[in-house]
Amino acid sequence: MLQALRITEVAEITAGVLSGKPHEVLLSQIAIDSRQIINPAHTLFVALKGAKADGKTFIPSLIELGVRNFIVHSDFEIADFSTSDSCFIIVSDTREALQKLAAFQRSLFKNPVVSITGSNGKTIVKEWLGQVLSQKYHVAKSPKSYNSQVGVPLSIFGIQEEHQVAILEAGISKSGEMAALQRMIQPNLGIFTNIGSAHQEGFPDQESKILEKLALFQNANFVIYSKNQAELAEIIEREIDAEKLIAWSDQVGVDFTRSVKILEKGAKILLLKSDLSTFTFQVPFTDPASLENITHVIVASMTLGQSSDSIQQGLDHLKSVDMRLTLKPGVNDSLLIDDTYNNDLAGLKVALDFMQQQRPKRRKILILSDLLQQGSPAKLYAEVADLIKNHQLDLIFGVGEDIFKLEQLFQGKFKGFESSEALLDNLDPDQFSNDLILITGARPFGFERIVNKLQQRIHGTTLEINLNALTHNYNFYKRLIRPEIKVMVMVKAFAYGGGSVEIANHLQTMGADYLAVAFTDEGVTLRKHGITLPIMVLNPVEESIDLCHAFQLEPVVFSPEFFKMVSSYCKTHACKLSIHLDLDTGMHRLGFEHHQLDELIALIQQEKRMRIASVYTHLVGADEEIHKDFSLQQLESFNEMRKSLIPHVSKETLFHALNSAGIVAFPDYQFDMVRLGIGLYGVEVTGRFGSSLKSISTLKTTISQIKELQPGETVGYSRKGMLPNGGKIATLSLGYADGYDRRFSNGNGFVLIQGKKAPIIGNVCMDMCMVDVSGFSDIKAGEEAIIYGEGIPLQELADRIGTIPYELLTNISTRVKRVYYLD
Ligand SMILES: *Cc1c(COP(=O)(O)O)cnc(C)c1O
């Protein structure tokens, strides 16, 4: 942070009311997450209300930790803490207060602030520009994609006095959000990357989306954009004074005319300025998107006065940005967090926080290289030490020179190595077991070798799950419901194939209210892995009530007989159980029917021990317009039964009816909670908001062998596959036992290799299948094939074999390794 503040100053900046006895402590840290407290006495905690849990619930434990300064919302009961000698600043909106503090800190920074907006490429442009500028300058930049209403303030608090330029990303998803980002960021130089169709739902049309984003640059001195995008350019030129504009294009008549020559490896970019001076740069890639991104970076670097030589030096070291923070299965049941791209303090913070959110393991271990960051090493490593202390690591492996500064601070816990090679030589995978290991290092240290050594051999097929996409989809549905409505997330069937434990853990950190599983043992697995959210069991059996009791799982009760059975269980065991009532309004699967209502009420009236946590019904055709009348009839019938039940149940009993499709189609029937399923996993079954969701998973496998086929030879069982003129096939290590449906046989399915379609040839075998790669000139065993994910939508695959995405997702065998990442 640029300037530490007294609590009285904070009150002034946020226009809040101070309660408690003010003191002179200088607050140098601002936290919004109770897990991120490094220096409690000097921390200001801002209790945000959001999709996540309400921040104020953490205040008692924070006081215990030693935090004394808080910004709270006006509904906070300060009286309860009057003896804690804490200071509270009361504001009407804590998020706004956080933003005001950010705007204040920003106003103290006198060096250039670059800000980036647009639909795609923001994070990449930010990272690359950071890499190129740091050839010459000391650069502050937003960590990962911290570009939101809360991410931007956190990025701003990361700016320090010694920084010479700050690069901040700005992302919005609905109209009205940019004004707040603009007030905080106040960019001097703006980059508008491009415009696409993402997040269209929050905006009436394309033009209003562009205008909203453009609001970020209203006070900027310069705005960089590409005239290759005609609609975007037209609006920018209309809205912003000509002397502020810096345009580049592949056509002449702009500030920088670009021509690109594709080389064997990479490309050459030639820029012709309007004063006829020319500059050439060599870049390591050839795809249009990367070339667009890098052109923005070059033009911005030139605008900031960097010489073309120094830009080229930066480009020479450019690495394609893989910023994914990946969770991988490690040796001996350990869990690895792979962050081998990271190279600065802000990134280390993010990675440590991610580590904190994981399920508890035996030990927390950090493998860390020198941070290649300009500035004073003493100060930098003091901060690293604070972070490590705060995260209570059990063991630290340090690689490099400067990192040895940590040695005296962590005696007995620190092992230092001069090089990655030295560490690799001494790293015995069997020293780890059931540990959580964060591996984070700057690029030159090549830490991917360490990950390789410590990860469980993953061969063949993997399902990669993007946790950020999951968050995105969750928030998409959150926006469709009223703020007070609770969310139950369906993690039945191994979380629709995604892997229930990690997904449940992620949902828990996101603040979901409830989970639901199909069977009791699925719930037991979650409990055994540290999931503490309430869990509803859809399909319990009599024998499993014991387990429900032992693991605090909440069974669904769907008939008078089952009600009586669970009730008598509670009596004989003198225990209390929470249960849920399923009302059948038309599914005809399980549940109480309308004519059983009086019987149900009589049962409830006699019941003392069971707590009725919720009452629900399930829609049979919410995704299909033709069933709309039937759905409404179901919802009305449920509402009627609900009214009859209300006098007999507690005020806390939740009523709920809507599944993913229902949330979209019937907003008037949210009752107290909704049940989110397939939508979270990236499939919008009503088809109305298809493009608003992100695909969360990618199923990948590898090529085991390439074979040449002569005319007339056949492929696979029953000789079904034939290439009449001969050709080339690739054998993939994926079969129906992995969940790759046999109906994809004989050209019904295809995979993507090198971005191109390769159709299935012959019958899918149990553990393998073959694809036709006759048109591929350069293809080798070991290469990757994508079965579905970005580029192969699940809906399309499902349609090809006459099924639904649900079936494809849940069929993926548990033998397929799941890998989780944040991008
Ligand atoms: C599976 C399930 C859901 C979720 O349905 P989606 O269509 O996946 O959103 C909701 N409620 C019940 C009772 C379910 O069984």
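Each residue, glycine too, has its Cβ placed from N, Cα and C.
Keep in mind that this is a model prediction, so the values were computed, not measured.
The annotation active site, proton acceptor is assigned in TrEMBL to LYS492 (among others). DSSP classifies LYS492 (active site, proton acceptor) as helix under the three-state reduction. Annotation for LYS492 (active site, proton acceptor): same-chain Cβ neighbours under 8 Å, separated by at least 6 residues, are ALA516, VAL517, ALA518, PHE519, GLU522, LEU538.
Per TrEMBL, active site, proton acceptor is recorded for TYR717 (among others). Listed in sequence order, the residues of the same chain lying 6 or more apart from TYR717 (active site, proton acceptor) and placing their CB within less than 8 Å of its CB are GLY762, ASN763, CYS765.
Using a 10 Å Cβ-Cβ cutoff, ARG589 (substrate binding site) registers 11 neighbours. Positions annotated as substrate binding site by TrEMBL: ARG589, MET766.
Residues or ranges marked as domain 'Alanine racemase C-terminal' by TrEMBL: 696-821.
If you look up TrEMBL, you'll see LYS492 marked as N6-(pyridoxal phosphate)lysine.
Listed in sequence order, the residues of the same chain lying 6 or more apart from MET766 (substrate binding site) and placing their CB within less than 8 Å of its CB are GLY735, TYR736, ALA737. According to DSSP, TYR717 (active site, proton acceptor) is assigned to a helical segment.
For the domain 'Alanine racemase C-terminal' (696-821), the model's pLDDT averages out at 92.
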